[in-house]
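Trainee: I'd like to ask some things about the structure below.
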Amino acid sequence: MEFIVCNGCGCSPSKRQFFITACSHVFCETCRTTPTADFCHLCKIPTKTLKMDASLPKNVKKMFGDVGVMSTDIHKRLARVIGFQKIQKSIQLKMENKKSVMRKEQTKKVEKKTEEMHCQLSKLTSFEENNRKKLEDIERENEKLRNLISALELKVASSRDIDDDEFFMQGTPTSSNPSVAGSDVDNDELLDYDLLGLRNRSDSSSSNCSSQSNRGGSLF
């Protein structure tokens, strides 16, 4: 430890026992005890001191180690730290890449599903439009059929009225005196028409004629 000298008088450790303070100052045994043992003559403050021998703690001994050896050891430890962190970064990067690939695949699936849904929606819209047009066509046809049915009902009703009128016209006798002698119309046939009470009138006419002929043969 050629770089170590007493921070008070400048002597080397080979001549006296040395002590190190908590504030990182080194004093020989003479300077340490002047004026008191636990006092730093440079910082002018009370402090703890340790005897510089084999009983020093490891963390304090490192302060007196060989710089070359320490640098090599530090380099090795630093290399291990760098290697460890590099491996961790590589693993993290692989995981991120894997997640990125999965996200891309999921995005493609979602886009494909969205496209399929748009296609289905377009088909449904077209199907709905076609059905609407068909319903409109059916409604127009139904309207035509309703109009046709109404016209047929009116025509049938009108035809029934005409048939009834013709029936009554055909059932009425055309002769004004069906019971007169010499008529070409058969009295039996005329008597069958009782629509207007002709039977009673025929019986009455026959009775009158008989009565007149009986009177014609008698003076009284």
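In case you wondered, yes, glycine gets a Cβ from its N, Cα and C as well.
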Trainee: In Swiss-Prot, which of 103-123, 124-144, 166-186 is tagged region 'Disordered'?
Mentor: 166-186
Trainee: Counting by DSSP, what is the helix, strand and coil composition of the zinc finger (6-44)?
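Mentor: Per-class counts: 4 helix, 9 strand, 26 coil.
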